[in-house]
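Just below is one structure, and these are the notes that go with it.
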Amino acid sequence: MKESNAGVSDSVIRKVLLSYFYVAIWIFLSFSVIVYNKYILDPKMYNWPFPISLTIIHMGFCSFLAFVAIHIFRFVELPSSMTGDLYVSSVLPIGALYSLSLWFSNSAYMYLSVSFIQMLKALMPVTVYSIGIMFKKETFKSSIILNMLSISFGVAIAAYGEARFNVTGVSLQLAAVVFEATRLVLIQILLTSKGISLNPITSLYYVAPCCLAFLLVPWGIVELPRLRSAENFQPDFVIFGTNSFCAFALNLAVFLLVGKTSALTMNVAGVVKDWLLIAFSWSVIRDMITPLNLFGYGIAFLGVAYYNHIKLQALRAKETQKKAQQQDEETGALLDGEKKISNQV
């Protein structure tokens, strides 16, 4: 008996340690991509202010590796349910929103500090919930609305206390949040509701080429003329190569984290990552963070934490209801079997 209990406890400990390991990998890669993008795009650092070009490089690199992973190494299989009509009606709108989200969020790094960008990203649950109500994917609840208002209030205080507030940067980041939130809601409407589940490799396989194609138009208008005039610039292939690889690895880490734990775990880990980025931005990059910044973000952080708590409670209630329903079905099946046997006798 003791040996079996020891075996169970060892198994539980191993699972917990693996979960922490997956969380650590995701935080490290997400942290690295954000800081790396800031380093490349910031005029005071590497000084390559071409966010559309950087996003195109990422999407091209991810498209290539996703193609290799699927068609050469055959790590995953493509879903048979993905047809040409479904791709046009579902994947293209998602790809268009994703390209805009990446373009605007990368552009914000040229104007805002890493720490302030993370504070603005706290508005994501508010935006997702609001757009979910518009598309009738979420129900209006006064308690949740009050929570969303508290998050918005906290972000507003943090913005008011920002020492290097830039209207262009804030507008770009808020637009990126809106596009990303709309994309997440449309994934539920256009893909999940139809029973189509894409892991990050198949998502990149379908979405990355689409993003690249959408970005070519603004790239040709906005950045190509400037790139032609920047003849003296010699790109460092080590920097751009490792940056692109980190972006691809981050998508794999998302698959690993969500697949082995849950999406809620990633949300909670995201809160930890945001605080680490704020601390790094202040201590290493030397970004100015005011007490009002921290106070406002603290309010927003509590709101996001409470929102995650509500989602966790709802998830647990749903799982409990599902288990109870399965038990009722099994009990009903046993009773039906016993009735058939008694009738035969």
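Cβ atoms are placed via backbone N, Cα and C, with glycine included.
The compositional bias 'Basic and acidic residues' annotation in TrEMBL covers 336-345.
Feature annotation from TrEMBL assigns domain 'Sugar phosphate transporter' to 21-308.
Under the heading region 'Disordered', TrEMBL lists 323-345.
What TrEMBL records for 12-36 (among others) is transmembrane segment. For the transmembrane segment (12-36), same-chain residues at least 6 beyond its ends with a Cβ under 8 Å from one of its own Cβ atoms are 114, 242-243, 246-247, 249-250, 253-254, 256-257, 260-261, 265-266, 269-270, 272-273, 276-277, 280, 285.
Annotation comment: TrEMBL describes 48-73 (among others) as transmembrane segment.
According to TrEMBL, the transmembrane segment annotation covers 85-104 (among others).
Annotation comment: TrEMBL describes 110-132 (among others) as transmembrane segment. Only residues 6 or more beyond the boundaries of the transmembrane segment (110-132), in the same chain, are considered here, and those with a CB under 8 A from a CB of the stretch are 34-35, 38, 41-43, 49, 51, 138, 144, 148, 151-152, 154-155, 158-159, 162, 164, 166, 168-170, 172-174, 177-178, 180-182, 184-185, 274, 277-278, 280-282, 285, 287-289, 293, 296-297, 300-301, 303-304, 307.
TrEMBL lists 144-160 (among others) with the feature transmembrane segment.
Summarising the annotation, TrEMBL assigns transmembrane segment to 172-191 (among others).
The transmembrane segment annotation in TrEMBL covers 203-222 (among others).
Residues annotated as transmembrane segment in TrEMBL: 237-257 (among others).
The transmembrane segment annotation in TrEMBL covers 291-308 (among others).
Of the candidate ranges 48-73, 85-104, 144-160, 203-222, 85-104 contributes the most Cβ pairs within a distance under 8 Å of the transmembrane segment (172-191). Ranking 48-73, 144-160, 203-222, 237-257, 291-308 by CB pairs under 8 A with the transmembrane segment (85-104) puts 203-222 at the top. Taking every listed stretch (48-73, 144-160, 203-222, 291-308) in turn, the largest tally of C-beta pairs under 8 A with the transmembrane segment (237-257) is reached by 48-73. Most Cβ pairs under 8 Å to the transmembrane segment (48-73), among the stretches 144-160, 203-222, 291-308, belong to 203-222.
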